[in-house]
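This report concerns only the one structure given below.
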Amino acid sequence: MLDLKLNLKTPGLFVTATDTAVGKTIVSCAIAHALLSQSPQDRIAAFKPLASECDLIDGEYVNPDTAALHHFTNKRHPLTTINPVRFVPPLAPGVASAEANEPVNWNAVRDAIQLIDQDSDKIIVEGAGGLLVPLDGENPHITVLDLAAAMGYPVLIVTRATLGTLNHTSMTIRLLQERGLKVAGIVMNHYQGGFTADDPSIALNRAWLEKMNGIPIITEMPAAAPELVTPNLGRIDSKILDHAASINWSTYFAASKPLV
C-alpha cells in the first residue's frame, strides 16, 4: 500500500501498459496532442512520478519519456516537476533505487503532483512498465499498481496487438479490478518500433479481448516508421497524432479517488 495523502482537484487519467516498451509514452503524448488540438485553451499536464534510464543533459538527469511528455504538453512544467524521482540505470525504478542505494523520495512525488494540480485542467499520469514493476528499493512490495491506487484516477491500458496480448492484457485488467480501480479502456498499439509481425492473431485479438473482459478497446494506434517516431525530440508520425485527434479523450478523464 502507498498513501501519498493526496487531495487532487484536477481530473486525470493514469496510463499503464502490459509491459515495458509497449508504447505508453507514444499514447500519452498522442492524447496530450489530441486534447490540445480539440481545446487549445486547456492546460494539459503530464506527470511521470518515477523513471530510470536517465541521461545527464545540461546538468539534469532526464528520462527520454519525460522529455517526450514535456514536449507534447508545451513544456508547461519543468522536467523535474514532471518527473521528480529519477535514476540512471536502465532498471525497474525499485531495482535502480536499491542498486544506487537511493531511497525513493515520496514527498517529492507528492509535492510535484500537488504543484501540477494547482494550474492544470487535465493531468496524464504515466506509470513505469507494467503494474507489478517495483518502485521503491527500501519497500520492494510497492509497485505501479500501488501508485495507481494512490493517485486514484481511471486507468488506461496500453497493450500490444500481437500474440500474447490476450493473457497479458487480461491479467492487467484483473489486477486493476481486484484493487477496485476503474479501467477506462484499452489502446492496442500497432507501433512496435516499426516492426510488424507476420502474426495471424493480430486480426482477432481485439474482438477476443472484448469478449474475454468486457472492457472496450478505445482504439488501435497505427504503425509507423521508426524514424518518424522520436517523441523525446517532439516528433511523432502525423498519422498517429491525427488518429488520436479523432477520439474524444476527455470522456476518459475523471476526478481522483485514492484507494489506500
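These residue numbers are counts, starting from 1, taken along the chain as shown.
The backbone N, Cα and C atoms fix where each Cβ goes, glycine too.
Any TrEMBL annotation is an automated prediction that lacks curation.
From the candidate list GLU99, GLU102, GLU126, the residue TrEMBL records in the Mg(2+) site shared with THR25, ASP65 is GLU126. The distance from the Cα of GLY129 (ATP binding site) to the Cα of THR25 (Mg(2+) binding site) comes to 11 Å. The Cα of GLY127 (ATP binding site) lies closest to that of LYS48, out of the recorded positions THR25, LYS48, SER52, ASP65. DSSP classifies ASN189 (ATP binding site) as strand under the three-state reduction.
Here ATP is bound by ASP65, GLU126, GLY127, ALA128, GLY129, ASN189, HIS190 per the record. The longest Cα to Cα distance in that group is 20 Å.
The number of other Cβ atoms within 10 Å of the Cβ belonging to ASP65 (Mg(2+) binding site), over all protein chains shown, comes to 24. The record gives THR25, ASP65, GLU126 for Mg(2+). Within 8 Å of the mean position of their Cβ atoms, the other Cβ atoms in that chain belong to VAL15, LYS24, SER28, CYS29, LYS48, ALA51, ASN63, THR66, ALA68, LEU69.
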